[in-house]
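**Q** Input: one structure, supplied below.
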Amino acid sequence: MAKAHSSLVFCLLALALVRFAQAKCTNGYTFLGIKELSEKDKQKLLDFHNKFRELTAAGEAPAPKGEDGRERRQPPAANMLELTWHKKAEKQAYKWARTCEWKHNNATDKAGNSMGQNLGRKMSTEKTDVDDTFDKWSYDLVRGWFDEAKLYKYGSGFSMSTGHYTQVVWANTSQVGCGYSYYMQIDEYNQKWYTGYLVCNYSPAGNFNNREPYEISKEKCTDPKLESSKNYKHLCVLKKKKKN
């Protein structure tokens, strides 16, 4: 019995080592870990996104200051959906985060439609691990995307400087899935940077040219296909079809 148990432990350890060896950065950086998201982790990322969507839908998200220097707010949204978790989006984000590549890839849904994608990274000269940095940095990374609202003027169209924000609050985006990795890179001054890398994929994609991220209205969920979310006062969900 003890021998069988020892063999099982050895096999599991060998499998873990093989998986780690296969998970290499494709750009020469040193791979240090990939986050295996628990249900709690997924809910945390969902909550970050939905709370920022709620702020925008409520008309409380920051906007560029006016000419008089006063604070401004983004207009409220009529039809912004509450996000749910997308397993396929998560799987693709996981695979891309594992490459450590700081560029977009073409994530697609089951139908082959392109998904939206946000990338974020945070760096430190202090080495820790993937779980610790995810816990400490994941909120800051999503918040960094949302903070682009301070640069976004509603109706101005797509901009590279505000595209993370507009994807986060794109009204008819209904699902998100993310992946997170941790790696080390060395800069031109031979300084080691330990980097947390968050990839989030969105379905359906946002950031279409000549379209606004949402409709402006103080009235909520007026579309007959929508009803109010039970979790967020200013967000909507699709009505469930009644069974015959």
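Cβ atoms here come from the backbone N, Cα and C positions, even for glycine.
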**Q** Check the candidates N172, N201 against Swiss-Prot and report the one noted as N-linked glycosylation site.
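**A** Swiss-Prot records N-linked glycosylation site at N172.
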**Q** By a simple count of other Cβ atoms within 10 Å, which of N106, N172, the glycosylation sites in the record, is least packed?
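**A** Across N106, N172, these glycosylation sites, the one with fewest Cβ atoms within 10 Å is N106.
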**Q** Rounded to the nearest Å, what's the C-alpha distance separating N106 (N-linked glycosylation site) and N172 (N-linked glycosylation site)? Just drop the number here, would you?
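**A** Cα of N106 (N-linked glycosylation site) to Cα of N172 (N-linked glycosylation site) measures 20 Å after rounding.
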